[in-house]
Every structure is written in C-alpha cells, then in structure tokens.
Amino acid sequence: METTVTAVSGTTSSSVGHGAGGGAARVLLLPSPGAQGHTNPMLQLGRRLAYHGLRPTLVATRYVLSTTPAPGAPFDVAAISDGFDAGGMALCPDPAEYFSRLEAVGSETLRELLLSEARAGRPVRVLVYDAHLAWARRVAQASGVAAAAFFSQPCSVDVVYGELWAGRLALPATDGRALLARGVLGVELGLEDMPPFAAVPESQPAFLQVSVGQFEGLDYADDVLVNSFRDIEPKEVEYMELTWRAKMVGPTLPSYYLGDGRLPSNKSYGFDLFNSDVECMDWLEKQMNSSVVLVSYGTVSNYDATQLEELGNGLCNSSKPFLWVVRSNEEHKLSEELKEKCGKIGLIVSWCPQLEVLAHRAIGCFVTHCGWNSTLEALVNGVPFVGIPHWADQPTIAKYVESAWGMGVRARKNKNGCLKKEEVERCIREVMDGERKDEYKKNAMNWMQKAKEAMQEGGSSDKHVAEFATKYSSI
C-alpha cells in the first residue's frame with residue numbers, strides 16, 4: 001500500500017474580495033472524505049477566509065481528487081490517502097475498518113504533507129479539520145501547526161454527542177428530557193428525535209464512535225468552529241460556546257444566496273462529487289410561482305424499492321408538480337409503471353443544482369431528508385419543509401424544523417417503520433394548501449432573514465470568521 005503524499009497544484013490565487021496572494025498565510029481545509037455535505041460548508045468557509053486574506057488549500061483523498069474537478073480559485077488542492085486510493089470508502093464495506101485505515105494512513109500522509117510544505121517554504125499556519133477526523137488535530141499540532149475543529153452539524157446534535165463524551169448522558173440516549181431541564185436544549189427530544197447512533201447504539205457502532213469522538217481532545221484544539229448561527233438555536237449555541245469555546249461561523253453557503261455583496265460571483269460550491277442535471281432548470285421555468293415540490297434525500301441516504309414506490313405515489317397523489325432527484329445508483333429501484341405515472345405531473349432527474357433550484361421562484365415546498373446542509377440551503381431561500389429523516393443528525397433537525405422553527409412538518413412512519421404514500425400526500429398538502437401554509441412560509445422567510453444577517457458584513461457569524469482570519473494572518 002502506497003503511503004507517500006501527492007500534492008496537487010499550488011498556483012491559483014484568489015479573484016475575490018481582498019484576495020490571497022502567494023505570500024498570504026496558508027490554511028488547510030480537511031473535510032471528511034467523499035462527503036458532499038461536509039465538503040461544501042468547508043469550501044465556503046475557505047472562500048470567506050480568502051476574502052480576509054488567507055490562502056486556502058483543500059485537502060482531499062487521492063480518490064476524491066481523481067474523480068472530481070478541482071474547485072478553482074481561490075483554492076490550492078493537496079492530496080492525502082485513506083488507504084483506498086482506487087475507490088475510496090466504496091472499497092471497504094466495513095465502516096469501522098475504513099475509519100481505522102483512514103486514521104492510520106491519513107495521519108501519515110497528512111504529516112508528510114505538512115512537513116513537505118514547510119520544507120518548501122510554504123508553512124501552514126492552521127489546519128481546519130472536520131471534527132469527525134479528530135486524529136488530524138494531533139497530527140497538526142505535533143507538526144507545529146495550529147488546529148481548528150469544524151463541526152458540520154447543528155449545535156442541537158453537538159449537545160447530545162458532547163454530553164455523551166463528557167459522561168453526563170448515558171447510552172442508549174433515548175430522550176433529551178434531562179438536557180431540556182438543564183437548559184442546553186430548546187426543544188424536548190423524544191426517541192424518534194434523538195440521533196439514532198446514540199438512541200440505538202448497537203445499530204451503527206462505528207458511526208457512533210466517530211460522532212462522539214468529535215469531542216476527543218477538543219479541549220486542546222486551538223479553535224472550535226460550528227456551521228450554525230446564534231438565532232437559530234440560541235440555547236444550544238450557548239452550550240457550545242461555554243462548554244467547548246465554540247464560535248459560530250454559519251451558515252457557510254455561497255454568499256450570492258446570503259445577500260452578501262462582498263463576494264458577488266460566489267454562486268456555487270465548485271467541488272461537486274455528483275454531476276448536476278440542468279434540464280430541470282428549463283422545466284422549472286415553465287412552472288407557476290411556488291407551485292413545485294422539490295424532492296431530494298441527499299448524497300448518502302438510501303431507500304429500498306418499496307419506500308421509493310410509496311414516496312413516488314404520494315407525490316403523484318398530491319397533484320402538485322414535482323422535481324424528484326433520484327440518484328443514478330437508485331433509479332433501478334423505480335418501477336416502469338411509477339416512472340410513467342410520475343412523468344405525467346413531475347420530472348425525475350439524477351441530480352440537480354440544489355441551491356439554485358431552491359432559490360427558483362417556482363419552488364413551494366422541499367421534501368428532504370433534513371441533512372444540515374440541505375436544511376440551511378432551504379432556510380436561506382425561505383422554502384417550507386416536509387421532513388423525512390433517515391439517519392445521523394436528520395431526525396433531530398426534522399424535530400427542530402417542525403417544533404422550534406415552525407417551517408413545516410415531519411412525515412411519520414407507521415408502526416412497522418414504513419413511510420406510506422398517504423402520509424407523503426398529507427404532508428405536502430398540509431404545507432402547500434393547509435390552514436398553516438401562510439404561517440410556514442412566514443416563518444421560513446423570517447429565518448431566511450436572520451440567516452442572512454448572521455453572515456452579512458458585521459453579522460455575528462461574519463465577525464467570528466473575520467476574527468479567525470485575523471488571528472492566523474497576524475501570527
């Protein structure tokens with residue numbers, strides 16, 4: 001197994017904001033390999049750091065860089081290895097084995113990268129690492145480089161994992177009543193609302209370990225950054241600030257959608273692991289305002305054929321035009337009968353530019369798995385939700401969407417754990433035609449404004465980004 005690092009590129013320079021020239025202080029950004037929802041927010045943080053004068057380098061595995069176009073200016077890119085250079089995580093069906101190999105080989109190749117950059121006269125000031133890769137902090141600091149943890153999920157979920165790590169919450173964590181009583185949660189979480197890794201620890205032990213392990217050595221991190229903002233979850237943010245010294249730097253989305261004129265050309269993430277389908281934009285142009293249901297369940301969540309049939313029939317029965325994103329590796333699960341039925345009222349695509357679609361005037365509702373990145377994308381565009389959570393942080397986020405933020409409803413599964421077409425239809429009609437439809441839209445627009453205020457010049461999150469950049473540009 002080859003373990004030497006391959007550095008890629010190193011000559012691009014920023015074309016936005018203040019700019020980051022060749023002599024600028026360098027910051028390395030290390031997201032979880034192959035996870036679009038972890039990579040996208042870190043890229044946007046990098047763009048903002050470049051605006052403030054730092055020079056960002058995206059660090060990805062060799063496999064990811066071999067299959068994905070480089071993000072372009074203002075980023076340099078560099079490679080490490082996860083031990084599976086030919087195919088990434090897909091070559092290792094055992095998550096525990098993959099995470100172990102990633103730590104072993106990733107640590108070695110990251111160390112080599114940091115040392116080679118120092119020898120070449122390009123020393124790295126700080127490594128911003130995905131908190132799921134806690135081992136990266138040790139590597140950076142042992143190499144004389146500062147380390148900043150980046151949490152890509154909301155503080156509400158961080159509270160649960162942080163308290164599990166600290167031993168103040170026991171497994172299985174089946175409800176959040178104790179956390180609510182202590183004032184560190186703003187919403188009461190029941191069994192169906194808790195992160196399933198914590199509520200049913202035997203279901204995904206490897207993912208539970210890396211989720212709780214985000215807090216390993218966090219006291220020693222030089223900085224702790226979170227992709228959230230104060231107004232959206234104030235009690236949870238306060239917990240992260242007081243307990244873990246965290247700073248909110250979100251929502252880390254392309255600035256075009258945040259009304260931030262400082263980075264006017266920043267309209268996309270620029271590092272897509274999947275190819276978008278532009279046909280859908282032409283189709284949307286033919287639809288009426290706020291009439292279309294966008295249906296997307298992310299890059300990781302999978303559903304069996306029966307559940308997809310129920311979802312598809314529920315969409316059709318709602319009588320609303322819909323844009324349904326079914327990944328190419330999932331399309332074979334759809335029956336020809338369902339495809340024909342869907343084609344009469346909606347459009348099925350393998351992928352779409354989700355942020356651009358959510359900003360389109362025709363979108364009136366978002367049926368989503370409630371991944372945090374997707375949730376923030378809908379939030380900054382004022383789009384109400386139907387939440388159909390699958391795993392990880394999604395059930396907790398769905399609870400907040402419905403109970404704390406009043407932006408939509410959560411679809412309930414039956415006693416057998418199955419989503420039925422009648423429930424899908426009911427939820428869509430509730431959000432788009434029900435008595436509370438205006439309330440959902442009003443709340444969505446309110447949160448949209450608060451999210452934009454946090455990231456615009458002088459906003460709470462914007463200040464934290466600027467302070468972080470100043471700290472490392474002045475060392």
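For all residues, glycine too, the Cβ spot is worked out from N, Cα and C.
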Name the residue range among 1-20, 301-320, 421-440 that Swiss-Prot annotates as region 'Disordered'.
1-20
Among all the protein chains here, how many other CB atoms are within 10 A of the CB of ASN373 (UDP-alpha-D-glucose binding site)?
25
So how many other Cβ atoms are close to GLN394 (UDP-alpha-D-glucose binding site), meaning within 10 Å of its Cβ?
26
Return the residues near HIS38 (UDP-alpha-D-glucose binding site) by Cβ distance under 8 Å, restricted to its own chain and a separation of at least 6 in sequence.
PRO31, SER32, ASP130, HIS132, SER152
